[in-house]
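So that you can see what the record holds, here are the features copied from TrEMBL:
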TRANSMEM  87-105  transmembrane segment
TRANSMEM  117-137  transmembrane segment
TRANSMEM  144-167  transmembrane segment
TRANSMEM  192-212  transmembrane segment
TRANSMEM  233-256  transmembrane segment
TRANSMEM  262-282  transmembrane segment
TRANSMEM  378-397  transmembrane segment
TRANSMEM  417-442  transmembrane segment
TRANSMEM  463-480  transmembrane segment
TRANSMEM  506-532  transmembrane segment
TRANSMEM  544-565  transmembrane segment
TRANSMEM  591-611  transmembrane segment
Amino acid sequence: MENGEIKSTECLQETTAAVDGKSDSAPSKKLGIYFMESDNRRMRFGRSYTGGTTPVNIRGKPISDLSKTGGWIAALFIFGNEMAERMAYFGLSVNMVVFMFHIMHRPFTSASNAVNNFLGISQASSVLGGFIADAYLGRYWTIAIFTTIYLAGLIGITLCATMDIFMPNQDKCDRLSLLLGSCEPAKPWQMLYLYAVLYVTGFGAAGIRPCVSSFGADQFDERSKNYQSHLDRFFNFFYLSVTIGAIVAFTFVVYIQMKLGWGYAFGSLALAMGISNMLFFVGTPLYRHRLPGGSPLTRVAQVLVAAFRKKNAPFSSSELIGLYEVPGKHSAIKGSGKIVHTDDFRCLDKAALQVKEDGDDKSPWRLCTVTQVEEVKILIKLIPIPACTIMLSLVLTEYLTLSVQQAYTLNTHLRNWKLPVTCIPVFPGISIFLVLSLYYVVFVPMARRITGHPHGASQLQRVGIGLAVSILSVAWAGTFERYRRNYAIKHGFEYNFLTPMPNLSVYWLLIQYCLIGIAEVFSIVGLLEFLYEEAPDAMRTIGSAYAALAGGLGCFAATILNNIVKSVTGKGEEGQSSWLSQNINTGRFDYFYWLLTVLSAINFLAFLYSAHRYKYRAGQKFEVDEQNATHY
């Protein structure tokens, strides 16, 4: 009997009779033969809900004419919201380091760690936003609420950069004073205010980030024959909107800061966010929605508790009734279709094991449906893939902060045009823009000839390509940094780390930036598409939050790694500088980049192992559909 077949009660009785008398001597026997349906708990989840993944309007009613909603027009409004959010995110990630150093008079290392923590919290707490969206509010209302919080935080940051009361005294604080650290430091309450509004902004981003990509993908009809193609293009265009927001942050916002000051720069971010919020609400009549399926954490907890309570129950015995499931096409979970049973993590199957002693007790804390158990299995199986992108996020975080220190020592002139130091991170954005623009014209046709895959490469192959390219990026960064440091010492710039060397161009950094941009395109876009398609229907926002969580953990890991490196390498003989010394010319950033290269290579091997073991859900669904069609 095949794994995915769902048995009726009559068939189950025959099957039970056939296997009656057999013991646990065959523990690897497929549990699909015990898969039964019951309607005892169906109404417990509410009457007349729309099951499966049927799109609904903002009032939760099925949409009668899908042609009037969703599609690319609705997606455009969502792209605009994401573009503004990314513009603010990247505008803060780079400019805030410089703002804390020049205006709040914080050391580079302290400012970098503070910004790393902000980036980490804003991404890691995305799981909270995903939970709220999947459990209670839905993606639309979660985005609507958290964009408003985001806007409030940006307004608070603008006030900090505009009103003198929130800043320390700037008198007698020239470049030399900054170098010596003799400028008047910010008062504790001033830093407290800045951190408060910064983390309010991060909290707002945490609610938006896991929802936007999933909400945008919801606008396309899963039953359409072009669905896969639309989804593939959506995630590429989605990341293109992210890139455009980043490019604007690294150029236009920096230009405003140089010409008009910090208040106008941060104010432009708040203005862009306010406009995008209005456009997002304007598109409300066009959006397709998915019903929240109830608390995913509660469902996970129910599976774990039920499995523990039946940990000693055998899979084959006279007391066995079957694996519990509700009848019909729809599952008992709102917004979710049924999920076929698999033989992974067999210990969790005991949560759905219905035995005679259960009687009429259908409490989900004692007996779960097969779909509910499979949700937990999927969440567990997904973890290794986004976990392998933590290292990429760590590298990206280090680039955002350490590159500013490198750029201060290099010539930023191109003929008569001078590139501001804070514009340096624009180059990964430009490389991402070019790669995405040429992706379907160049990469897909070439890759299709090699792999035979209709989209050029599978989602996991794209993630792997990105991770491999990131290794090349940090290897080059270490090689160039060694050359830059030796050049600085040789030409007398060893202690002038804020003075640019006229004969060494900042454009050498383009190589590492372009490579990391290419890595980001393949890894992050592939990961987002992978998580959306592979996550359970009612947990897709949680699935998307995995990517943001990996990004946040990468930021925290960057801070931890920086502290460890400083602690280990800064000790020894008196006067020895750490690898990450504030004076980059006496530090050893090259050693640090090569350490990242080794860690990235180890991470890549771990990814290859995880990807080799992973089985796509789409393939399983296809096989089951074929089996059921043959059976019936």
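Every residue gets a Cβ built from N, Cα and C, even glycine.
As the structure is a computational prediction, the values presented were derived from the model and not from experiment.
Taking every listed stretch (144-167, 233-256, 463-480, 506-532) in turn, the largest tally of C-beta pairs under 8 A with the transmembrane segment (192-212) is reached by 144-167.
A contact between the transmembrane segment (233-256) and the transmembrane segment (463-480) is absent, since fewer than 3 of their C-beta pairs, 6 or more residues apart, lie under 8 Å. In this chain, the transmembrane segment (591-611) lies out of contact with the transmembrane segment (417-442); the count of Cβ pairs under 8 Å, excluding pairs fewer than 6 apart in sequence, is fewer than 3. Counting Cβ pairs closer than 8 Å and at least 6 residues apart in sequence, the transmembrane segment (262-282) and the transmembrane segment (544-565) reach fewer than three and form no contact. Here the transmembrane segment (506-532) lies next to the transmembrane segment (378-397) in space: the count of CB pairs under 8 Å, restricted to residues six or more apart, reaches at least 3. Counting Cβ pairs closer than 8 Å and at least 6 residues apart in sequence, the transmembrane segment (544-565) and the transmembrane segment (87-105) reach fewer than three and form no contact.
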